[in-house]
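Database features (Swiss-Prot):
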- 6-17: disulfide bond (DISULFID)
- 34-131: disulfide bond (DISULFID)
- 106-123: disulfide bond (DISULFID)
- 13-132: domain 'C-type lectin' (DOMAIN)
């Protein structure tokens, strides 16, 4: 039996730790919070459908069925393309639709989809957020 390498209340999934935070912050402040809470953390990047499902289930369990806002992830639009704040490559996506609103340049897991689809929100919106770091 190996010890859980993640902070108490965090999800341990395939070598990474995920922490859900209910406080609603604009995207940049949420990213800053992730960096402070534990070294090496960022807003979460999501690279596979398995990782996405695990994160969505974790958020749903944390929320215990409460209605809430979308949840920031570490994806943002810069220089005409989407990038992960942790510098990882984008190989997977789960956009709700491809009709991006003008000026909405940060991505969130959509509450109404059970967090299984992404939508673009104005980065100034205040949302809950999920951080990710290596275990």
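Placed from the backbone N, Cα and C atoms, the Cβ positions cover glycine too.
Here the structure is a predicted model, which means the values were calculated and not measured.
Feature annotations (Swiss-Prot) mapped to structure.
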residue : record         : CB count, 10 Å
6       : disulfide bond : 17
17      : disulfide bond : 20
34      : disulfide bond : 25
106     : disulfide bond : 26
123     : disulfide bond : 19
131     : disulfide bond : 26
Residue 6 (disulfide bond) falls, by DSSP collapsed to helix, strand or coil, into coil
Within the domain 'C-type lectin' (13-132) only, compute the mean pLDDT.
91
Taking Cα-Cα distance, which of the disulfide-bonded residues 34, 106, 123, 131 are within 10 Å of residue 17 (disulfide bond)?
131
